[in-house]
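K.L.:
Pasting the relevant annotations from TrEMBL:
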TRANSMEM  41-65  transmembrane segment
TRANSMEM  72-92  transmembrane segment
TRANSMEM  104-123  transmembrane segment
TRANSMEM  135-158  transmembrane segment
TRANSMEM  164-185  transmembrane segment
TRANSMEM  206-228  transmembrane segment
TRANSMEM  240-258  transmembrane segment
TRANSMEM  270-287  transmembrane segment
TRANSMEM  293-311  transmembrane segment
TRANSMEM  323-347  transmembrane segment
TRANSMEM  359-378  transmembrane segment
């Protein structure tokens, strides 16, 4: 029991240290590409897409490998260590195409490391606490996201080289925490069940819902988010990063209550609530005022922090191929995010704003309204 508690605590700590580095690096690379390398919005979308697609591919590979050989759980910690070597390369780039290449490497390492960590935290937690433990894992990660964004704002004057070195240091620490946690939790790791699960559970429906969910709220994650918030609200880069970090923190804090409801059997209501929030958020974010963009970000991130641990809990408890299912979930979610960011970035460069009185509405976000309606319909029909 002590080893189990220690392992879970170390993994929660790894979510904190790893996310600080990731959230420090993301705006630094986004604004460096936009301001120094003079990349267009569609180019920034392609950078995000390169990361997300490679992460999606490697998450499936990681889940499948772990299913075949339990010892490969340690590959996740080694992949995180690989991130530490990749980060300083961003400061050496002189074109956005080079940034894409590095993002591809970053995506591979992230796809191997984070899904394995999420699988282990879910599968090794006590059944009656799975929802809350998973939510706590993401809560610490999102508190770190706020600190990472704030750290970016504080270190703008140091330049991208120093920022990437700080990110590398956080990934080294994260790798060591993961390595120790996997050793402590090794006996609780069960990549694949031998007994049959309930025949009424269809993992494919959960995966399909996840793909559309993350497509609809793709505006709220990745490099493109920082640029949109800064340009839509006319604020400084550091202020945009801090605002996004604060939105994520508020969303994560609010999401802990739904995780408790999910643990006492209210999964269906919690899932529907998250879907409705996600569906409304891009429509609200299209209205370019601080009174709409900020609440829209909070709604989107609240939805993510509610939805993400819940679907992982459902797969961990009901799917027969647990590690492969969670790897597939990460892949489908990343693919949804990729397509959503591609649509947003492409439309951003073509469609302008429409004026409604004194208010500007961004058409590149308003075009997500039909997908919002489809998301709600799909959630209702999943049963």
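Start at 1 and count along the chain as shown; that gives each residue its number.
The backbone N, Cα and C atoms fix where each Cβ goes, glycine too.
Keep in mind that TrEMBL annotations are predicted by a computer and have not been checked by a curator.
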K.L.:
For the transmembrane segment (359-378), could you work out the same-chain residues 6 or more beyond its ends whose Cβ comes under 8 Å from its Cβ atoms?
P.N.:
208-209, 212-213, 215-216, 219, 232, 275-276, 278-280, 282-283, 285-289, 340, 343-344, 347-348, 350-353
K.L.:
Can the transmembrane segment (323-347) be said to touch the transmembrane segment (72-92) if we require at least 3 CB pairs below 8 Å and skip pairs under 6 apart in sequence?
P.N.:
no
K.L.:
Within the same chain, where does the transmembrane segment (72-92) have neighbours whose Cβ lies under 8 angstroms from its own Cβ atoms, ignoring anything closer than 6 residues to its ends? I mean 6 or more beyond.
P.N.:
14, 18, 21, 25, 28-29, 32, 62, 65-66, 98-99, 102, 105-106, 108-110, 112-117, 120, 159-161, 164-165, 167-169, 171-172, 174-176, 178-179, 182, 186, 189
K.L.:
Does the transmembrane segment (135-158) make contact with the transmembrane segment (206-228) through 3 or more Cβ pairs under 8 Å, each pair 6 or more apart in sequence?
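P.N.:
No, the transmembrane segment (135-158) and the transmembrane segment (206-228) are not in contact.
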K.L.:
Is it the case that the transmembrane segment (270-287) and the transmembrane segment (206-228) have 3 or more CB pairs under 8 Å, with pairs at least 6 apart in sequence?
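P.N.:
Yes, the transmembrane segment (270-287) contacts the transmembrane segment (206-228).
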